[in-house]
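Asker: According to Swiss-Prot, the feature transmembrane segment maps to 20-40, 61-81, 97-117, 132-152, 161-181, 191-211, 218-235, an assignment based on sequence analysis. Annotation comment: Swiss-Prot describes 94-206 as domain 'Ferric oxidoreductase'. The domain 'FAD-binding FR-type' feature in Swiss-Prot is assigned to 230-355. The region 'Disordered' annotation in Swiss-Prot covers 427-451. According to Swiss-Prot, the compositional bias 'Low complexity' annotation covers 427-436. Feature annotation from Swiss-Prot assigns compositional bias 'Polar residues' to 437-447.
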Amino acid sequence: MNELESFSPRHEGHHHAANIKYGYIVLGFSVVHIIGILICKSVFKLRWTTSTKGIDFVKSPLFISIIAWTLILIGLGVFHVQLPENYVTSIKRFGRMSYALLPFDIFLVLRPNSIGLRYLELMDLHKWMSRVIIAGAIIHGVGYFIKWILEGSLFTKSVRLWNFLGIVVFMLNLILIIISLRYFRRRIYQYFYVVHNITVWLFVGLICLHARPGVGKYAIACASLLGLQIFERYAKSHSISDLKVISYEGSNLIVVRIQRDSKIADWPSGSHIRLTYPLTNYRSWIFPTHPYTIASLESDEMLDLIISKSNRFILHPQMPYSWTGPFTSFSKELLQTIDNVDIICGGSGISFALPVFRNLKQKASHVKLIWCVRSNNDLHVLRTLNFNEEIIIHITGNLQDSTSNTIFDEEDYGLLDYDNNENFELESLPSSETPSRTVNDDSLSQDTRPKKESKFIIVQGRPDFGNTFESLVQVNSSNKWIIACGPRSLVNSAQEWASENKVNFVSEIYEM
């Protein structure tokens, strides 16, 4: 017998070992779920055509998966249990089933994913599975608190070492639930990230000691997956010693240029890297890495990033950094078959839009790029990247304004969490009734005189989707798309319009 599973029983009751099989049942359902995800991906590839109605064509909706798991755990939790007489058996079972789900939950966020999926595809499932796991653990903990209170033994039972280890994890889970709320997460993201990962590691380690019968097999699986993630990060990290930061007075956007390493594999358009401190710096292991979309194509000599200035992670040209990736963000099948496309982006979302636009420009029948920014000073990124294609630019602040206010920087996910930031340039704009003023600009100056030779079409005011996407709607084809990249508010507005006008839609969300 595994040493970790040989602890003598410390919870009373003759049903001590009755729940062991339920952990294996949950583990089995986890394997079935992974197989189901793979089947969906295979069917998606086989059935993908130019007339497909979108990426979610064969994917099961997230809420169905979560409801299914919730019903499975509740059903197994009370199955063959005479309530309320044997409720202790039930609360023990919820604790074991929660722990048995941990390997599956960690597996969902491996980077790169070992089953060939983009890890971002599984991030929402990971977040909700984490909530299901915590819910089961809380049922287990609250159940025992009630039992001990009724017995009058709350203090004596709580201070016992093995019980106390479980209480520590219980309290960490409660703290994590509170600070994971959007209000707190957006304001203290780094601390949320640290607490999140500490909770994961202690959940794996302390519950291995707390649980009886033992859960050694699950603990080994979890530790192996976490160890694999650390090894992958160490083995596949790239060092940076000559990072170049290009800024412009009055702009909140900066361009970061990294010399491309010849060993770096090609990446599909829209891919991203994760930038952090050197691996020898403790901060690279404690705090979250920072994901930035690659604004250049795989054929370019430089690896360019367009990012918002941040007080959380300030880049200095003379300092060393490290990064991992590139990680794919966009469906290869979609890029190969998509046609008739309007791309709309906000702020630093242009970093996602530019390479996708350049890629589609070579093969799509119709491609249009729309960019929303608060200040015309942000246009310096186009000049820096030598972008000379036609683009419609909406200046949503005062045309004469030299500042570009951004309330939140674009943070994202870490080892076991996916989060980014909400920074929508259109949120504080005039109403849609505000008249737009169109200006052609070639020199990025504030000269409002039309210049026919210019490819930058500048419009003051927020975009009117009806006018913006008018040419796309008129295309006589079912293979027409809107790609939105930026904050959730922009993406949701574009998605709603696309749905109402029967246009296919795909997005990249920047939010926290």
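Cβ atoms are placed via backbone N, Cα and C, with glycine included.
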Asker: The transmembrane segment (61-81) and the transmembrane segment (191-211): do they have three or more Cβ pairs under 8 Å, with pairs 6 or more apart in sequence?
Answerer: no
Asker: Is the count of Cβ pairs under 8 Å between the transmembrane segment (132-152) and the transmembrane segment (218-235), pairs 6 or more apart in sequence, 3 or more?
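Answerer: By the criterion, they do not touch.
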Asker: Quickly jot the same-chain residues contacting the transmembrane segment (20-40) by Cβ under 8 Å, restricted to those at least six beyond its ends, or write none.
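Answerer: Long-range Cβ neighbours of the transmembrane segment (20-40): 58-60, 65, 69, 72-73, 76, 93, 96-97, 99-101, 103-104, 107, 115, 117, 122, 213, 215, 218.
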Asker: Across the domain 'Ferric oxidoreductase' (94-206), what are the DSSP residue counts per state (helix, strand, coil)?
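Answerer: Here the numbers are 94 helix, 0 strand, 19 coil.
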Asker: Using DSSP, what is the helix/strand/coil residue split across the domain 'FAD-binding FR-type' (230-355)?
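Answerer: DSSP classes over the domain 'FAD-binding FR-type' (230-355) add up to 25 helix, 44 strand, 57 coil.
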